[in-house]
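Remarks on the structure that follows.
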Amino acid sequence: MPSPRIRKMSLSRALDKYLKTVSVHKKGHQQEFYRSNVIKRYPIALRNMDEITTVDIATYRDVRLAEINPRTGKPITGNTVRLELALLSSLFNIARVEWGTCRTNPVELVRKPKVSSGRDRRLTSSEERRLSRYFREKNLMLYVIFHLALETAMRQGEILALRWEHIDLRHGVAHLPETKNGHSRDVPLSRRARNFLQMMPVNLHGNVFDYTASGFKNAWRIATQRLRIEDLHFHDLRHEAISRFFELGSLNVMEIAAISGHRSMNMLKRYTHLRAWQLVSKLDARRRQTQKVAAWFVPYPAHITTINEENGQKAHRIEIGDFDNLHVTATTKEEAVHRASEVLLRTLAIAAQKGERVPSPGALPVNDPDYIMICPLNPGSTPL
């Protein structure tokens, strides 16, 4: 029996058809749309599907891996190319069986770029403060989304898809009926997470946030560019949140997986070094409780300036930059240091009482007389 006749269709047309009939029903439709547009920029897109060989696919792979991402100035990652090849492979399988535009899948036999070990980008205290301040001043919705990501480890798509009818603020649970891995999930909401959500107009039903995926992506890009924060993806906040869960030392791996939605424990192995670091304090059983408490109350760098008050007299202003709006003013430098120490002590004590995270002390600029260390426990020892 003769083989069915091949229908001629260019790869570009096939990608369009795939997007309209197959990809549109997937959760990752938007991402496949972007990848399809990338592929269509290359000569391979003009070839008919039945004419494309493994050599053509390998050439496309190598060309992409040799290119520089104009947005980041870095080489295109292997993960990016691997996902583009996965799209092509899915397309060829559909076309071979259902459309009759090719007889083989040339992508299957081509070597794929290795899967990277994953990004390990941590959000610094300075970046967190700057982004928080920027979003609070510019857009309340972005402010809530940013902090909700850090409190819950939810993915961008999960946050943007939140609906009020799925949020129980009384019991502190957000229900995600559909997630990336195809399973529903209940996300525990900390007190801080609930407080952030309540900044939004609370309704009985409907979307919590109005952003589309592309709109939010653009807003995030603009914010990081204006603040000159390099190489920080929104998805890095999920990594940051999970890292903080491990650093708490009070949650086991299974509990963290239940919060984050990881179906495979292998995905959480990259965080085990954080767990080991936390176990040091538990192994040191002889450490006194006072030492644990004192660990909260460490010195912080502060900037001291001389200002002119309205009455014409000079005053001294001290600002502790690791905290938002933590500053004092006094007529003498000694009094300013004493007040700054008291305010810092009160701030740290309240955070310790509530179990809230505080920023780590930043670096003290070398040989800069305008910077001093403020000690919350012993203001008299603070160098002037």
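Glycine is no exception: its Cβ is also placed from the backbone N, Cα and C atoms.
Annotated features in Swiss-Prot:
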ACT_SITE  Arg155  active site
ACT_SITE  Lys180  active site
ACT_SITE  His235  active site
ACT_SITE  Arg238  active site
ACT_SITE  His262  active site
ACT_SITE  Tyr271  active site, O-(3'-phospho-DNA)-tyrosine intermediate
DOMAIN    9-96  domain 'Core-binding (CB)'
DOMAIN    118-284  domain 'Tyr recombinase'
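A C-beta separation below 8 Å, combined with a sequence spacing of at least six in one chain, links Arg238 (active site) to Ala149, Ala153, Met154, Arg155, Ser260. Counting only same-chain residues six or more apart in sequence, the Cβ atoms lying under 8 angstroms from the Cβ of His235 (active site) belong to Arg119, Arg155, Gln156. Set side by side, the active-site residues Arg155, Lys180, His262 differ in how many other CB atoms lie within 10 angstroms of their CB, and the most is found at Arg155. It is 13 Å from the Cα atom of Tyr271 (active site, O-(3'-phospho-DNA)-tyrosine intermediate) to that of His262 (active site). Across the domain 'Core-binding (CB)' (9-96), the DSSP tally of helix, strand and coil residues reads 63 helix, 4 strand, 21 coil. Lys180 (active site) sits 10 Å from His262 (active site), taking the Cα positions as reference. In the shown protein chains, 19 other C-beta atoms lie within 10 A of the C-beta of Tyr271 (active site, O-(3'-phospho-DNA)-tyrosine intermediate).
Taking the domain 'Tyr recombinase' (118-284) as a whole, pLDDT averages 87 in the prediction. Secondary structure at Arg238 (active site), taken from DSSP and collapsed to helix, strand or coil, is helix.
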